[in-house]
Amino acid sequence: MTVSPTSAPTQAIDTVERAATTPDEPQPFGELGLKDDEYQRIREILGRRPTDTELAMYSVMWSEHCSYKSSKVHLRYFGETTTDEMRAGMLAGIGENAGVVDIGDGWAVTFKVESHNHPSYVEPYQGAATGVGGIVRDIMAMGARPVAVMDQLRFGAADAPDTRRVLDGVVRGIGGYGNSLGLPNIGGETVFDACYAGNPLVNAMCVGVLRQEDLHLAFASGAGNKIILFGARTGLDGIGGVSVLASDTFDAENSRKKLPSVQVGDPFMEKVLIECCLELYAGGLVIGIQDLGGAGLACATSELASAGDGGMEVRLEAVPLRTAGMTPAEVLCSESQERMCAVVTPENVDAFLAVCRKWDVLATVIGEVTDGDRLRITWHGQTVVDVPPRTVAHEGPVYQRPLARPDTQDALNADSSARLPRPATGAELRATLLALLGSPHLCSRAFITEQYDRYVRGNTVLAEHADGGVLRVDETTGRGIAVSTDASGRYTMLDPYAGAQLALAEAYRNVAVTGATPVAVTNCLNFGSPEDPAVMWQFAQAVRGLADGCVALGIPVTGGNVSFYNQTGSAAILPTPVVGVLGVLDDVSRRLPTALGAEPGETLMLLGETRDEFDGSVWAQVTADHLGGLPPKVDLAREKLLAEVLRAASRDGLVSAAHDLSEGGLAQAVVEAALAGETGCRIVLPEDADPFVTLFSESAGRVLVAVPRTEESRFRSMCEARGLPAVRIGVVDQASDEVEVQGLFTVSLAELRQTSESVLPRLFG
């Protein structure tokens, strides 16, 4: 059913005039998530009680999801630590819809990662699908063409009954929406852990490309300019959706009752909306633009007005509806998908509407910019909102939540994995390799990723088997980008500061192994309840670790997202800071793949230092269900050096393949690279080395590289000159169909592939 415009109201409307004369009328502020003191502050701001519509507007905009009221005091540290040198290539940063970075030759890239965790548990398909749609619109709002997506997924234990429901819906939602948009999914992670059983994480990243002169920002400027709402009609779906779902914890009784709060997406509407926006930008028809996501029009109007140089008047009855009888508060706070709001000069309105008609996109003038400082919203001539917009969008409550190192932290850190029995014989080491490879933690993700289109649009250079996704940006010069996202809740649980830096280091390294230069960071910080001092300690430590790490690497945080209340009852998830890193390649033809066997008889070399580090490792998890001790040491100066060597080696043709070492250590990296290249190899461990430590340690800052035989001497000299440890550990044998660890064990590629690829189909097929 479509309804437009709305008919005159048949029920009494709570107007500003009425609110001023009924100061004692009870209002359900608590049911809307507002605290007593927050409600009193709204009354002080307005000098009266809020109308029902104003109350709804403040409640969604002052929610944890929209206002960052518990995290803002800590997030400021990102800005405080970012130097002018780090900002040099940043065209838009924290506070905008997405960060934008100069990548050279007049090109810019915008990228951001956001969460849609809570909706994806309540209704996995639509929760995940609209998570993709929302982050894509953030990228569109910067003036860019979206070119790729990635995802970071966390589910409960792989064999838990509800994991099948959630995983199936989430994967179908991501694939269904992204594939329909024609956007390649170029990477990500899927992790299983019991702590995510009631709180899955669905963090979606989108990357967009634009010419620097096409950059657009969200602001309403110029009195008399028109406000145009365009895209899908507005309905009841998503009322109080992500803004409310993401601002509370779940319990077993109410999670399924929250279904109506999950938005419903239409990827085909979004696809034409993308093309419509790009034509509007190309025609110079847009002054400012804002996508409609969490909190809907309440967010878009207040943010546009507060970022501009005037006020705004909106006629809410002009909003095209698809549901009859909606109240002003429902229209204002609906989170219906595939909608955008633009500021357009009067002389360009007709041209703007004509472009929208061409693309069959519904567009309606709903208001104008004023020369005042108020946001006024009317409903059939009656004023239902009259507020200072900054108090809604930017001046909400800010809390310095109590934080405290958990009493259990010392015991957790003292419980080292060193006490666990270790494999020693060749047979035991072989069994360990197969146990890790055949676990849900390290097995092939092909069952999931094959549901995504990785190469649509034809610009994907690396995706399958790659540490970082690589995209071509400029067909003429070959300029391109590499992106990666990483996280480790287990390491962050052991040490939040170091855990965040380890996630940053791995994402940075995953970009570096493609041959790209890392240039910028985005993040999505997933934690439990901010009302728990232990959670806030984890959060504060992780923020400082990430910010300090970025300073050490010389790359800025361009934006991000915080997701709190990821817990069921008192049980929080593992603290999970997701870090995305963007890198630049001058020529994508020189990118480094993961697969071995590109050159006959390649030499395998291990870069970096291997230490006895197993606390928080997958080995400890799989063999003993153990989590304790201290995470691996992180050396960001060494990470930076490693990236410089890989970039130079890629440029000079000294390396033919590279693969990051992370979970599962060297053994897992060798297996993945051999399977990717469908070639055998022989590994020769150093004589004085402990085979178990060499094969399975998860020490950071290490990369497996394949070096053409003719370039081994030059590459070794390059590493020696720069002080980077480089050890020859074997050769690629294209005539072999086995991975051999000399003197210890041999495993056929067929057995490795079967072990790895059979796990997820058996669990979820």
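Backbone N, Cα and C define each Cβ position, glycine as well.
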Listed co-binder of substrate (same site as S115, H116, N117, H118, R137, E335, S336, Q337, S563, source Swiss-Prot) among Q40, Q212, Q263: Q263
Swiss-Prot annotation of region 'Disordered' - which of the ranges 1-32, 449-480 it falls on: 1-32
Largest tally of Cβ atoms lying within 10 Å of a Cβ, found at which of the binding-site residues S115, N117, N523, N561: N523
Non-site residues, in chain order, whose CB comes within 8 A of the mean position of the CB atoms of Y68, K112, N523, G560 at ATP: L75, I94, V113, E114, T522, C524, L525, V557, G559, N561, V562
R137 (substrate binding site) - helix vs strand vs coil (DSSP): helix
Between D291 (Mg(2+) 2 binding site) and E335 (substrate binding site), the C-alpha gap once rounded to whole angstrom: 11
Cα-Cα distance maximum in Å, computed over every pair in S115, H116, N117, H118, R137, Q263, E335, S336, Q337, S563 that the record assigns to substrate: 21
From H65, N523, G560, the recorded positions whose CA lies within 10 Å of that of E114 (Mg(2+) 1 binding site): N523, G560
Cα-to-Cα gap, H65 (active site) vs N561 (Mg(2+) 1 binding site), nearest whole Å: 9
Cα proximity to N117 (substrate binding site), best match among binding-site residues Y68, D138, N523, G560, N561: N561
